[in-house]
Amino acid sequence: MTEGGLKDAHSTPPAAAEKTNTSVPFHDEEATEEDTKTAEKTPLNEDVEKSDNNEETKGSAVVKLVGSSDPDCAAEAEFEHPEGGWGWVVMLAAMWCNGVIFGIQNSFGIFFISLLDEFGSAEDDSLKFKTAWVGSLSMGMIFFCSPIVSVFTDLFGCRKTAVAGAAVGLIGLFASSFVRTLGPLYFTYGIVFACGCSFAYQPSLVILGHYFKKRLGLVNGIVTAGSSVFTITLPYLLSFLLNWLGLHNTFRFLSIFMLVLMLVGFTYKPLMPEPRSPQTGKVTRLSKIFNFNIWKSVGYRIWALGIPAALYGYFVPYVHLMAFVEESFGKDVNKEILLMCIGITSGVGRMIFGRVADYVPGANKVYLQVSSFLVIGVLSMMIPLCQVFGGLIAVCLLMGLFDGCFICIMAPIAFELVGSQNASQAIGFLLGMMSLPMIVGPPIAGLLRDKLGTYNEAFYLAGIPPIIGGLVLCFIPYVERRKQQQQQQEAAAHKMLDGKANSVLQPYNAHEEKKELECSI
């Protein structure tokens, strides 16, 4: 689900950069030349020079302590992204990952009918309720596991986490092919398969930041467009396989997709330097288990509040649109074309807005998500107003376009707000918080339909949360600008103090040495 990076995507903050430059102020070449000339003009050069060197060492240590910067930021500033090369192979692997996982999840409606035929009568309302939980549990677990996945990604790296996750998903999907009752599917498909998909999915977003910076938006757009391609094509393939091979053999055929996903995970070669503790020089394990740094960012806290708030109504049209079409236009209308329209324009939107995000500086990328939420909220309210089927097609085309905008810049915004070293857990915790509204929102809309008799009120109310969430996100760029201004002021203060120390400390030492010599005479 996420993309687009920017020129500033995970660069060192100005304050950190200036602190790094001033951490050793007395060992540059110009200062050495000036000290040499001064020493030549001073009596008893050798003694004074020795004393000055001792004092200089002490002064340098003090300034280094005051002006020291975060070693993680310094290492990140020195790192140069390849912007291509093996990164293109990684991009294709991540694209396959997004396509397989969300292509299968979005096509559960095809499996739903086959499960009803396999395990009972299609007219059994209780069976429909129980069967629906297989798909909803699977989708919810993918996002619910994301905080745990982020910890594993930080501890073991993208490659090991993705390969292990794909292997678990393969086991869960293949085990589902041997199930002959509905109950075990809750575990094999709803939990095991979904958890494996979650562990394979998130590293595919994080690893892109190791290879791309300036092109991160475009690359994320291409990667997440993979889910749109599979969502458009996989339902037709599944319908053919279910009619030809049956449900159980179709699960086994899809297991081949998971096997390929496990193999492509080996391409996730990490490039970014690991953060190291300045005291011990070893990786700080505690911060990898739970990274408190992400919650120190006010911008991230606002982001983690606004996104879940918007999603309470965001997915309602995707779940209930087909039922609304049948009630409003009859069962004979070609309602599947609406999902195809959303899938096609969503892929186009990810490509377009992913590239646009590369030209939007810093945290201002958030405005793209704000626009997507506002438009989708308005479009959700317009669904009951469409009196002709062509109007619904136009609404779905626009909805898919801005859906792609929202998804494709998730990862780049995370890189902007917390930096590349903290992006994994930032994305993970956000996705975990998104699981609740994704599960709760559509059932609330269904309850409104049961109580009121129509979908009109449900769609009207579904448009409110995205608008509110979008307005909340508008505060992020303002907060980030204030943060940058404060860092620049602190950097300027440190630079001024370092300059004074450099100009005052050396003459003072020479004067003290001269006084000691006069006293000794």
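Numbers run from 1 along the shown chain.
Cβ atoms here come from the backbone N, Cα and C positions, even for glycine.
According to TrEMBL, the feature compositional bias 'Basic and acidic residues' maps to 1-10, 26-58. According to TrEMBL, the domain 'Major facilitator superfamily (MFS) profile' annotation covers 253-521. The feature region 'Disordered' is assigned by TrEMBL to 1-59. The transmembrane segment annotation in TrEMBL covers 88-113, 133-155, 162-180, 186-209, 216-238, 250-268, 302-325, 337-354, 366-385, 391-415, 427-446, 458-479.
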Criterion met for the transmembrane segment (391-415) and the transmembrane segment (186-209) (at least three Cβ pairs under 8 Å): yes
When counting Cβ pairs under 8 Å to the transmembrane segment (302-325), the leader among 133-155, 250-268, 366-385, 427-446: 427-446
Determine which residues of the chain contact the transmembrane segment (88-113) at the Cβ level, with the cut-off under 8 Å and only residues 6 or more beyond its ends counted. 1, 122, 131-132, 134-135, 138-139, 142, 162, 197, 200-201, 204-205, 207-208, 211, 219, 222-227, 229-231, 233-235, 238-239, 242, 247, 254, 257-258, 260-261, 264-265, 267-269
Within this structure, do the transmembrane segment (250-268) and the transmembrane segment (162-180) have 3 or more Cβ pairs under 8 angstroms, counting pairs 6 or more apart in sequence? yes
Grab the same-chain neighbours of the transmembrane segment (427-446) for me: Cβ-Cβ under 8 Å, and only residues 6 or more beyond its ends, written as numbers and ranges. 1-2, 136, 139-151, 153, 202, 205-206, 294, 303-304, 307-309, 311-316, 319-320, 410-411, 414, 455, 458-459, 461-462, 465
Tell me, please, if the transmembrane segment (186-209) and the transmembrane segment (366-385) are in contact, taking contact as 3+ Cβ pairs under 8 Å between residues separated by 6 or more positions? no
